[in-house]
Amino acid sequence: MGCGMSTEEKEGKARNEEIENQLKRDRMQQRNEIKMLLLGAGESGKSTILKQMKLIHEGGYSRDERESFKEIIFSNTVQSMRVILEAMESLELPLEDQRMEYHVQTIFMQPAQIEGDVLPPEVGSAIEALWKDRGVQECFKRSREYQLNDSARYYFDNIARIAAPDYMPNDQDVLRSRVKTTGITETTFIIGDLTYRMFDVGGQRSERKKWIHCFENVTTILFLVAISEYDQLLFEDETVNRMQEALTLFDSICNSRWFIKTSIILFLNKIDRFKEKLPVSPMKNYFPDYEGGDDYAAACDYILNRFVSLNQHETKQIYTHFTCATDTTQIRFVMAAVNDIIIQENLRLCGLI
């Protein structure tokens, strides 16, 4: 009798091989797809990192895309000046030059959302004049006492260019623009052989409960903290320190049952603003156990340790970087290092190392 395989056995073997090959293809595809969850409290810099990824890996913004940021930039700029003028009333800080009152009325007459391709000339003139007023400058110095957009000074300093009839937003203008993220946004980038799927979720408190269980299979979590906000209060609850809120959120994510095997990359962000603030706003006023004075390195170490010490899992890796999300050169360097970490983590998760 022949010892050849029966038709049934051949079909069974072929099916097994096809299943094995499909599993292998799935593993390879999984290896080439990186799912990254961007987390952090509101205004920590998550959306800025996504914009940097576009600049670094997709060649930047087209003319049409830059055009689309004009209204956001105009609205951010006008709204920031309005916030300062309202704060001057509540803090009882007068204008140095009362002739500026005309410009104040111009600002208050503007809608919340500025529409159009050009900032009205009278609005540009009003912001330029008010920004030079000592009363406005004094109020700006006290911005930790109210809620002011981080980019206010940048836009005010550049108001002549922004208000020009032929204005076209540059990379920095776009990076510093601010729109509150609500819900979950997914952005995809191709980096080398890898496809990055980056999920950005709303940072404000009301957004958080919606998403946590949806992402237990992510490759890694990129968690951002605005360390410059150590002396500021939450937008949603002006009794809670922003840094304390970030620590609470990091604790809940780092030790969540959904993310036990997930590595975390921690960006301690806005180091430029942090460095400026330390000499004028003592950290000890907000964190009494801090003993480093206005020494930048000591303050960085203190904050780093406060976050890393929350990790309750010995096997969980936390990779840390001090960052300035608006600095494209620095973010390009940091993201290259992050890419190496993520590749290793992904190979581990796929069972390939």
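Positions of Cβ are set from backbone N, Cα and C atoms, glycine also.
When Cβ atoms from all protein chains are considered, those within 10 Å of ASP272 (GTP binding site) total 15, not counting its own. What Swiss-Prot records for GLU43, SER44, GLY45, LYS46, SER47, THR48, ASP150, LEU175, THR181, GLY203, ASN269, LYS270, ASP272, ALA325 is GTP binding site, and it gives similarity to another entry as the kind of evidence.
Among the features that Swiss-Prot reports, domain 'G-alpha' is placed at 32-353. Across all of the domain 'G-alpha' (32-353), the predicted model scores a mean pLDDT of 91.
Per Swiss-Prot, N-myristoyl glycine is recorded for GLY2.
For 1-26, the entry in Swiss-Prot reads region 'Disordered'.
Positions annotated as region 'G1 motif' by Swiss-Prot, on the basis of sequence analysis: 35-48. When Cβ-Cβ distances below 8 Å are used as the criterion, the region 'G1 motif' (35-48) is approached by residues 150, 175-176, 178-181, 196-204, 215, 217-226, 229, 234-236, 242, 245-246, 249, 253, 267, 269-270, 323, 325-326, 342 of the same chain, each at least six residues removed from its ends.
Among the features that Swiss-Prot reports, region 'G2 motif' is placed at 173-181, with the record citing sequence analysis.
Here Swiss-Prot flags 196-205 as region 'G3 motif', drawing on sequence analysis.
Among residues of the same chain six or more beyond the region 'G4 motif' (265-272), those with a C-beta under 8 A of the stretch's C-beta atoms are 40, 44-45, 49, 150, 220-229, 250, 300, 303-304, 307-308, 318-327, 334, 338, 341-342. Look at Swiss-Prot and you will find 265-272 tagged as region 'G4 motif', backed by sequence analysis.
Remote same-chain partners of the region 'G5 motif' (323-328), defined as residues 6 or more beyond its termini with a Cβ less than 8 Å from a stretch Cβ, comprise 45, 48-49, 52, 55-56, 171-172, 175-176, 224, 267-272, 334. According to Swiss-Prot, the region 'G5 motif' annotation covers 323-328, on the basis of sequence analysis.
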Under 8 Å between C-beta atoms and at least six apart in sequence, can you list the same-chain neighbours of SER47 (GTP binding site), or say none if there are none? ARG178, VAL179, THR181, ASP200
Can you check which residue among the binding-site residues THR181, ASN269 has the largest number of Cβ atoms within 10 Å of its own? ASN269
Three-state secondary structure, which DSSP defines for ASN269 (GTP binding site): strand
Could you give the number of helix, strand and coil residues in the region 'G2 motif' (173-181) as assigned by DSSP? 3 helix, 0 strand, 6 coil
Here the binding-site residues are GLU43, ASP150; the one whose Cβ sees the most other Cβ atoms within 10 Å is GLU43
